[in-house]
Amino acid sequence: MNRQVIEFSKYNPSGNMTILVHSKHDASEYASIANQLMAATHVCCEQVGFIESTQNDDGNDFHLVMSGNEFCGNATMSYIHHLQESHLLKDQQFKVKVSGCSDLVQCAIHDCQYYEVQMPQAHRVVPTTINMGNHSWKALEIIYETYVHYVIPVKQVTTEIQHLVEAFVREQQWSHKYKTVGMMLFDEQRQFLQPLIYIPEIQSLIWENSCGSGTASIGVFNNYQRNDACKDFTVHQPGGSILVTSKRCHQLGYQTSIKGQVTTVATGKAYIE
């Protein structure tokens with residue numbers, strides 16, 4: 001039996017365990033490789049990204065591709081951490097290319113090893129109602145270039161609500177333009193977010209320990225609710241906290257960035273069938 005060798009590192013950005021693959025593979029294999037690596041019986045993580053380039057020619061060639069071609073804020077922070085650990089960065093501010101985002105992503109390294117990522121811009125923000133089970137829930141629908149989020153205010157995150165959300169996500173026929181669908185259960189009083197991310201391409205549905213893009217959506221939610229900017233607003237999540245800075249400009253729309261810390265927990269080789 002031939003087994004394929006995968007060179008990887010595993011990172012911890014606020015509990016959202018992330019694997020970045022260093023070895024080169026055909027893009028058609030990304031989903032299959034990721035599904036095996038993510039399994040609880042394997043290396044185990046919440047998402048997998050593939051490093052396509054660590055070269056920096058004019059700041060445009062750092063390139064990260066996620067297994068479902070989605071954008072991921074925590075994986076981008078993990079990629080920044082990798083670039084810094086490998087001494088590949090010349091400046092504290094730079095840009096990287098990430099799947100699911102047509103523009104280059106502005107990044108920065110701050111004191112105390114905080115990494116900041118400029119997040120994709122919301123294209124449309126509208127209040128809506130979601131019918132789940134026998135209940136109707138008020139939500140804020142936030143549509144991005146390649147994904148959609150629903151921020152649902154809750155007083156408490158319960159198992160019952162989580163099951164309703166899971167069923168809702170699976171039952172919908174999502175547009176092919178959405179690489180990911182996020183259901184963000186948000187307790188405003190505690191500033192606590194419980195994020196669910198669904199990736200249609202690989203049929204991955206995970207209650208994440210933390211979510212960078214979801215944190216950005218909480219920033220947009222705050223802007224919309226309070227009609228005011230927020231800076232380094234702490235969003236607590238099951239695996240840790242992420243900071244969000246967000247403001248709404250009349251001409252530019254919502255401008256949002258997230259900031260967090262990352263640690264390396266493992267590096268080595270994995271074997272897949």
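For all residues, glycine too, the Cβ spot is worked out from N, Cα and C.
Taken straight from Swiss-Prot:
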type     : residues : note
ACT_SITE : Cys72    : active site, proton acceptor
ACT_SITE : Cys211   : active site, proton donor
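The two recorded residues, Cys72 (active site, proton acceptor) and Cys211 (active site, proton donor), have Cα atoms 8 Å apart.
Its Cβ placed at the centre, Cys211 (active site, proton donor) has 33 other Cβ atoms within 10 Å. The number of other CB atoms found within 10 A of the CB of Cys72 (active site, proton acceptor), across every protein chain shown, is 33.
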